[in-house]
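Listed in Swiss-Prot for this protein:
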- 93-127: repeat 'PPR 1' (REPEAT)
- 128-158: repeat 'PPR 2' (REPEAT)
- 162-196: repeat 'PPR 3' (REPEAT)
- 232-266: repeat 'PPR 5' (REPEAT)
- 267-301: repeat 'PPR 6' (REPEAT)
- 302-336: repeat 'PPR 7' (REPEAT)
- 337-371: repeat 'PPR 8' (REPEAT)
- 372-406: repeat 'PPR 9' (REPEAT)
- 407-441: repeat 'PPR 10' (REPEAT)
- 442-476: repeat 'PPR 11' (REPEAT)
- 477-511: repeat 'PPR 12' (REPEAT)
- 512-546: repeat 'PPR 13' (REPEAT)
Amino acid sequence: MAAKSQKTLVLLANLIKFPPLKAFSLLNSPNFHEFQHTHESISILLRLLLSGNLFSHAQSLLLQVISGKIHSQFFTSSSLLHYLTESETSKTKFRLYEVIINSYVQSQSLNLSISYFNEMVDNGFVPGSNCFNYLLTFVVGSSSFNQWWSFFNENKSKVVLDVYSFGILIKGCCEAGEIEKSFDLLIELTEFGFSPNVVIYTTLIDGCCKKGEIEKAKDLFFEMGKLGLVANERTYTVLINGLFKNGVKKQGFEMYEKMQEDGVFPNLYTYNCVMNQLCKDGRTKDAFQVFDEMRERGVSCNIVTYNTLIGGLCREMKLNEANKVVDQMKSDGINPNLITYNTLIDGFCGVGKLGKALSLCRDLKSRGLSPSLVTYNILVSGFCRKGDTSGAAKMVKEMEERGIKPSKVTYTILIDTFARSDNMEKAIQLRLSMEELGLVPDVHTYSVLIHGFCIKGQMNEASRLFKSMVEKNCEPNEVIYNTMILGYCKEGSSYRALKLLKEMEEKELAPNVASYRYMIEVLCKERKSKEAERLVEKMIDSGIDPSTSILSLISRAKNDSHVSSK
């Protein structure tokens with residue numbers, strides 16, 4: 001063993017005569033694969049690389065040691081690192097610690113990277129901003145919010161920070177939904193003497209949009225301009241997307257116009273975002289104008305672009321045009337993906353062309369794609385809409401054979417079909433089956449069942465289900481309340497209907513026009529014109545104008561009451 005160790009040192013003595021990079025390259029060549037390293041040989045090599053400022057190569061060498069690619073009978077990775085951190089001079093040791101930390105970050109070893117960071121600080125060294133930011137990015141991405149927040153606050157006085165350090169933290173806060181903390185960091189950033197940049201403002205705008213705080217996002221955007229920061233295409237895109245997703249569509253399109261007026265060209269993501277909203281609004285023609293504009297400007301389309309347009313056309317039932325877009329995407333070298341196929345299958349199911357939908361399903365399989373749970377749910381729904389429960393059952397059987405378990409959505413589609421076809425016994429049986437499989441019925445499942453019982457006038461059954469869902473912490477929504485109110489009104493039970501209306505008001509849920517009309521009608525039949533008038537006042541307060549027929553009902557009820565009182 002001593003002879004091998006001596007041979008290693010002799011070889012290294014010759015290698016150090018070469019420039020550091022040449023020596024490193026030689027050691028990584030096939031001729032040196034049987035080379036037996038020692039503590040000393042690695043130490044010499046690292047010192048050589050660090051002295052030449054070849055930090056990435058030093059890191060590469062350590063990564064090979066950590067991963068076991070460089071192994072030796074003379075050391076383990078832990079014994080080697082202990083030797084290195086104990087034996088090097090102060091200047092080399094500082095650089096060495098940073099390389100060790102970076103290496104463990106790159107190898108995704110959270111505990112060891114933090115351990116060597118702590119050791120570095122305990123030895124009196126102050127990690128530079130590059131090293132700390134690299135570690136901080138890893139810690140933020142690999143830990144819970146509370147863990148990395150504590151890590152930063154415990155160490156911020158022990159390291160060199162820069163504006164990028166705060167950028168990493170602000171992004172982490174926004175992704176964790178901790179918007180207030182991100183604004184605290186913005187203040188702290190300035191206290192450290194730094195100025196926020198466009199990236200930080202863009203991150204904050206995106207975070208506010210995702211949290212639904214759209215006014216804050218807009219304020220930040222205009223604050224940027226006052227500070228002399230020029231919004232880039234990403235800044236505009238996240239704000240436009242946020243405005244759309246928060247229902248402020250008009251302002252979203254205005255921001256898109258402003259972007260171009262300010263000389264900022266939309267990128268692929270901006271165009272996709274705008275086209276998506278236009279398609280959702282049923283403005284597919286306008287979406288294609290945007291599509292033509294992006295192509296004229298030389299912006300390359302991607303699969304999302306085409307899927308967006310195909311989805312818009314399918315929603316408008318323009319399936320022949322959707323097929324033409326598929327042909328165009330293929331000619332542009334973009335192959336349809338599962339989303340493309342699911343969109344088309346849904347479109348053809350929507351117009352009752354199940355044969356074409358099944359043909360598309362076969363086509364996607366022939367192209368090496370696998371139908372997903374979504375694919376099968378679309379097909380099951382398509383068969384159910386046509387009243388073909390045996391076809392739906394075949395789809396369920398096929399999905400199970402392919403190892404795809406029916407989901408809550410699958411069962412709810414089937415339950416809805418049987419409930420609407422007046423087969424409540426089968427609908428309830430399916431609900432019990434899904435519960436046996438561990439699938440908990442959600443508000444939509446209960447909604448279709450309650451609707452089925454209400455249509456049949458079986459209000460006792462509907463009431464039992466209503467109570468059951470409340471007991472199971474499944475909160476009834478507006479649809480269920482309105483369905484129950486209509487059911488009780490048809491039964492002539494104004495007391496129960498009004499009781500549910502009161503519950504809705506307490507939960508800040510809104511009765512619909514039909515609920516108001518049926519309740520007023522029942523109250524008028526019971527000659528309770530004053531209660532009916534109070535409901536009309538509630539209608540007006542909630543922004544619903546009572547129709548002429550409702551006002552006529554009350555007028556007749558009042559006349560009847562007046563006549564009977566005589």
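Here the Cβ of each residue, glycine as well, is placed from N, Cα and C on the backbone.
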DSSP says what for the repeat 'PPR 2' (128-158): how many helix, strand, coil residues?
25 helix, 0 strand, 6 coil
How many of the residues that make up the repeat 'PPR 3' (162-196) does DSSP mark as helix, as strand and as coil?
26 helix, 0 strand, 9 coil
In the repeat 'PPR 12' (477-511), how many residues does DSSP assign to helix, to strand and to coil?
27 helix, 0 strand, 8 coil
Tell me, what is the mean pLDDT of the repeat 'PPR 3' (162-196)?
95
Using a Cβ cut-off of under 8 Å, list the residues of the same chain at least 6 residues beyond the repeat 'PPR 8' (337-371) that approach it.
303, 306-307, 310-311, 313-315, 317, 319, 322-323, 326, 329, 378-379, 381-383, 385-386, 388, 391, 399, 402, 404
Other parts of the chain folded back onto the repeat 'PPR 10' (407-441), taken as Cβ under 8 Å at six or more residues beyond its ends:
373, 376-377, 380-381, 384, 387, 389, 392, 396, 399, 448-449, 451-453, 455-456, 458, 461, 469, 472, 474
What residues elsewhere in the chain lie close to the repeat 'PPR 5' (232-266), defined as a C-beta under 8 angstroms and at least 6 residues from its ends?
198, 201-202, 205-206, 208-210, 212, 214, 217-218, 221, 224, 273-274, 276-277, 281, 294, 297, 299
What is the number of residues in the repeat 'PPR 11' (442-476) that are helix, strand and coil, as DSSP sees it?
27 helix, 0 strand, 8 coil
